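**Student:** Right, I'll just put the structure down here and ask away after.
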């Protein structure tokens, strides 16, 4: 079973696990509310009883004598334990979801690295690329999808060599459009205006209008050391220094 299949299996079980934890959380919350109500009533009764004893002269009005019973104190301690259990359950639920998000990020990173390796291997061997070009730039004809879909490009060198286009002119290579469904509400990043995928790097210019970039779109293969500026911000920075 592959890493992706393992993740899918784990993801399928996540809703049931979360539902059980939320149901237990709801039960604990009800128990806590009932216990707090019971404790409030007990404490009010004990306070009234203490006041009556003071008024009747049986005890002195000394604040040091105004103590709750062991039963009331035990109820308060029990309430704290239930509250701690609620916090622990909430943290477990959060950690479960966060773990799946981190795993999904790792899957995207691995897929991005595999696609990049295939592209580099295809370029080195001169064979057609067999993977989606995730770094396709916006503003080119045919890339804007319709109905909430965006298009990426796939090099079709083999198809071109068999077509009527001159096989000796690399500039005449055509591209084959593949439609990939994209959530229209998902935010886009980078100069390519695509959604977040694979390894990404943030521009260290706080005023950068784009901020996040795909490695492939800015020519990176690994995380840069120190501060990194996108091409536009780097050019702007050089101009300011030259003044």
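Each Cβ is built from the backbone N, Cα and C atoms, and glycine gets one as well.
Bear in mind that TrEMBL entries carry predicted annotations, made automatically and left uncurated.
These figures come from a predicted structure and were not determined experimentally.
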**Student:** Match it up for me: which of 18-53, 54-89 does TrEMBL list as coiled coil?
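**Tutor:** Going through 18-53, 54-89 one by one, TrEMBL gives coiled coil for 18-53.
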**Student:** Under TrEMBL, the annotation region 'Disordered' belongs to which of these stretches: 119-153, 154-188?
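**Tutor:** Region 'Disordered', as annotated by TrEMBL, spans 119-153.
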**Student:** Residue 189 (site 'Histone H3K4me3 binding'): which of the recorded positions 212, 214, 217, 230 have a C-alpha within 10 angstroms of it?
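**Tutor:** If one measures from the Cα of residue 189 (site 'Histone H3K4me3 binding'), the recorded positions that come within 10 Å are 212, 214.
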**Student:** Going by C-alpha positions, which of the recorded positions (190, 192, 200, 214, 217) is nearest residue 208 (Zn(2+) 2 binding site)?
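**Tutor:** Looking at Cα distances from residue 208 (Zn(2+) 2 binding site), the smallest one goes to 190.
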**Student:** Taking the Cβ of each of the recorded sites and counting other Cβ atoms inside 10 Å, which one has the highest number: 189, 212?
**Tutor:** 189
